[in-house]
Amino acid sequence: MMENGTVPEKNNAVLESRVLIIMTGGTICMRPSPSGFVPARGFQEQCLSRVPTFNDGSPPATIDVVVNAAGDIKSHPSLRTPQTTYGRQVRYTVFEFEELLDSSSIDAKGWAEIAHTIEWNYTLFDSFVVLHGTDSLAYTCSALSFMLQNLGKSVVLTGSQAPMLELQNDATDNLLGSLVVAGHFMIPEVCLYFNNKLFRGNRSSKVAASDFAAFDSPNCPPLAVTTSMRTNVNWQLVYRPRSIQQFHIQTNLDTKHVACLRIFPGIQPEMVDAVLRLDGLRGLVLETFGAGNAPHGQDNAMTKVLADAIKRGIVIVNVTQCLTGSVSPVYATGMSLSNAGVVAGFDMTTEAALTKLAYLLALPDATPDCVARQMSVSLRGELTASSQPVFQHPIHTLPDRVQALTILGYAIAQGDLVRVQEILKTEHDWILNDADYSGNTPIHLAASSPGLPILHFLLLQGGSVHLRNRNGRTPLFLAANAGLAEHVLLLRKSGAHLHSEEQTAAHLLARRRPGVWGLAGIGPQEISNAELEEEEEEKEKSRGSDSIDGLAIRAQRVGSAP
Ligand code: ASN
């Protein structure tokens with residue numbers, strides 16, 4: 001039994017994860033200049049290649065990076081970490097943006113550049129690390145969480161308080177911790193890793209200007225914590241996309257027509273009115289006192305100003321100035337705001353509320369009413385939905401988890417959808433991304449078992465299509481290998497693609513069964529010697545192994561499907 005994402009050795013060879021590091025700038029890459037610290041280029045060569053924890057000294061290898069919308073590919077020198085506690089090595093390359101920025105200068109254009117780079121390279125890498133300045137990092141995390149839709153892979157943003165080239169810095173630990181998270185755990189969220197903690201990006205705020213503990217997510221516990229022993233992921237908290245859709249991005253954010261205003265004692269209704277009458281303004285985040293309270297103003301003047309603006313079609317969202325807790329209609333001063341039509345932002349950070357507003361307002365067909373409604377609903381785990389019951393299961397020990405996974409595995413293999421649904425009702429949903437002794441998750445099992453409705457159901461529960469089993473195989477590979485065309489199509493619709501390490505074997509198998517492999521994204525190709533060797537290995541596996549992979553090949557041989 002292995003914890004999610006933990007894949008041990010593959011026939012004595014060590015599995016490699018591929019991570020694209022996207023460098024946007026920030027202190028992490030800065031060097032001193034006469035005008036103060038400025039971002040500098042050459043981070044991989046200058047800062048990483050000489051450090052043994054970032055470079056195992058293996059012979060140089062290049063990896064492909066898609067560098068523009070036209071799909072142009074550039075070969076990049078890569079580095080590889082030594083083997084981690086989890087038995088993997090992380091191969092990575094640093095892709096530097098043309099213009100490296102201090103993050104206080106980043107805006108929606110920079111966010112879109114990050115989103116596009118991830119989209120272009122989505123199928124080439126297992127996950128992504130974004131290096132970014134800390135000043136506006138929480139805004140970027142929040143914006144990206146809305147821009148990246150149906151994200152199936154980990155996107156980890158980090159930076160540092162001191163440059164990597166300073167003797168005493170936090171850059172080394174922050175980057176290494178991010179690489180380990182990205183290289184081992186399929187956490188399909190935009191996350192922020194800092195000072196040994198992994199936070200949900202859209203719950204985070206910068207809380208310290210110079211402390212190494214610069215970030216916190218006061219209304220949501222960390223998704224993972226790194227200790228001296230290991231990185232412990234709180235799988236119960238991990239948010240997963242729950243729809244049959246491929247990964248795509250929405251980069252159009254209306255940041256020019258939203259604003260943020262902090263209420264203070266003595267604030268005049270005319271001041272608020274002046275902001276609300278800014279040319280073209282469509283949304284305002286109001287930072288209020290305590291549980292969402294603001295002064296009424298003489299004769300309710302403040303409430304009238306707000307209500308008038310809402311009637312003019314401006315969406316006003318109420319978030320608290322407090323670091324923890326939520327906006328809730330407890331006091332008369334807060335209730336009058338909601339009566340005026342101000343929307344409760346519950347426990348959203350200002351960063352999340354502002355970027356969410358800009359995202360929703362830019363959606364096609366956005367009306368003030370539907371934007372207002374969506375602001376109070378959790379889209380990416382950015383707020384705690386008060387109506388959702390919180391189930392607390394008894395803490396399972398390892399044998400219980402093994403048992404639960406085995407029972408689920410049998411139900412999947414028997415095509416018993418009702419049983420599968422029953423098990424998932426009572427089990428933690430991280431069981432979906434847990435792996436058995438051969439590294440197969442329930443999605444792997446369902447991908448190569450006949451019952452299509454079970455695969456459909458598990459995908460809708462948030463099972464990952466990207467985890468690889470002990471042989472390095474994705475569920476898509478197993479489905480194609482089993483000749484299950486409908487499974488292949490469903491997986492592809494859910495964003496699945498073959499891993500780059502599966503391509504050779506897939507091309508080879510596609511010669512025998514072009515139809516189903518074509519659906520998996522593989523066309524017929526010439527066989528090289530290397531591929532012939534690989535075929536022998538495949539045959540060996542199918543003969544000797546009792547793994548799903550082997551079974552799948554046997555099923556294909558008896559011609560189970562087109
Ligand atoms: N000014 C820097 C930035 O945000 C601060 C940092 O990265 N620590 O780019």
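Cβ from N, Cα, C; glycine included.
The annotation domain 'L-asparaginase N-terminal' is assigned in TrEMBL to 18-238. Within the model, the domain 'L-asparaginase N-terminal' (18-238) shows a mean pLDDT value of 96, rounded to a whole number.
Residue counts for the domain 'Asparaginase/glutaminase C-terminal' (257-365) under DSSP (helix as H, G, I; strand as E, B; rest coil) come to 43 helix, 21 strand, 45 coil. Among the features that TrEMBL reports, domain 'Asparaginase/glutaminase C-terminal' is placed at 257-365.
Marked as repeat 'ANK' by TrEMBL: 438-470 (among others).
Summarising the annotation, TrEMBL assigns repeat 'ANK' to 471-503 (among others).
The region 'Disordered' annotation in TrEMBL covers 527-562.
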For the repeat 'ANK' (471-503), residues assigned helix / strand / coil by DSSP: 20 helix, 0 strand, 13 coil
